[in-house]
Amino acid sequence: MEMKDFIFTSESVSEGHPDKVADQVSDAILDAILTQDPKSRVACETLVTTGMTVVAGEITTNAIVDYPKIVRETIKEIGYNDSAMGFDWETCAVLTSIDKQSPDIAQGVTEGEGLFKEQGAGDQGLMFGYACNETPELMPMSILLSHKLVKKLADVRKSGVLDFLRPDSKSQVSIQYINDRPVHVDTVVISSQHTPEVSYETIKEGIIEEVVKKIIPEELMDAKTRFLINPTGRFVIGGPMGDCGLTGRKIIVDSYGGHGAHGGGAFSGKDPSKVDRSAAYMGRYVAKNLVAAGLCEKCEVQVAYAIGVAEPVSVMVDTSGTGKIPSARIAQIVREVFDLRPRAIIEQLDLLRPIYKKTAAYGHFGRELPEFTWERTDKVSIIREKAGI
């Protein structure tokens, strides 16, 4: 059999990246609303640009929320605290344009209304979940390391270890795979915003020593590994001053870094009646439990819905030939073990809680935090029993 030898690349962005600022604002608003009224319907979009934040969307709720206060608190936590950056929490304008959810949509997702009496999906669409056994977190290594690099950048910035860093940054990790197993880090790219006066040499040395070498396992690097740190040579103008940021523009960063497929729907700013979010979380839960149970080495799950209809119109499982039993049988087990109706997903994963701001930076998947219920592997025993392994 021919040996498979290839390089796969994934990227991540920090909490200070303009698109991620927008995601975090949208999810901070969602959390504030769910705290008061868990049954709220929220579709909250955010735009950030030089000196301005715009919040718009369709929100039906009994909650009373101070939108500008939430926006400013979120921006402050991220670290935009100086008007010299062209965007800061104290002086930026905050504009809001909030309507209510369309009654035509509402009747399809409210139990007892619409053509079908169960709580239906909030929209049509297809969602994917993915897991693989190349890391303990059952995530692809390239996206996992990319997330950890930008999280470390934020940590050393906020702690003062590298006090010349500013909030906006990106990472990219290229990994050599041989026969589908990660064996070597080929290239690490990091671009981080910084203060104007610091030298390039200081930036490069600081990031390699305090970030890259603290995150990338030593055994995966050698003399051939390339480090490209701020490869333009200068990154002073950044954040919303450098680029306009929008909610939902980093869907591959949010999911699996290019591994597996993506249905196209973003997560942030959406309450869990929106299957773009809740069914994608459920897809991860299903795929992770299948891999953890040993049914396969990698797994992609697709689920699709029609608006207003509770039962998914299709469920597909693809193990890329790594399954110990046929994929059709695995899909049947998924149907038997997991209830994929929207209300059941919300109940199983306990999604009517203010947990979403934490998801909005450094990945929705692969972080085993208490709030991330979709990362649990509590279905392993019943899956193995049904599979007979």
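Glycine is treated like the rest: Cβ placed from N, Cα and C.
Taking Swiss-Prot as the reference, the stretch among 101-111, 376-386 described by the feature region 'Flexible loop' is residues 101-111.
In terms of C-alpha distance, the listed binding-site residues Asp19, Gln101, Lys274 place Asp19 closest to Asp243 (ATP binding site). Geometry remark: Glu58 (L-methionine binding site) versus Glu45 (K(+) binding site), CA distance 9 Å.
Ranking the binding-site residues His17, Asp19, Ser169, Lys250 by the distance of their Cα atoms from the Cα of Lys274 (L-methionine binding site) places Lys250 first. Look at the binding-site residues His17, Arg234, Lys250, Lys270, Lys274 and count other Cβ atoms within 10 Å of each Cβ; Arg234 has the fewest.
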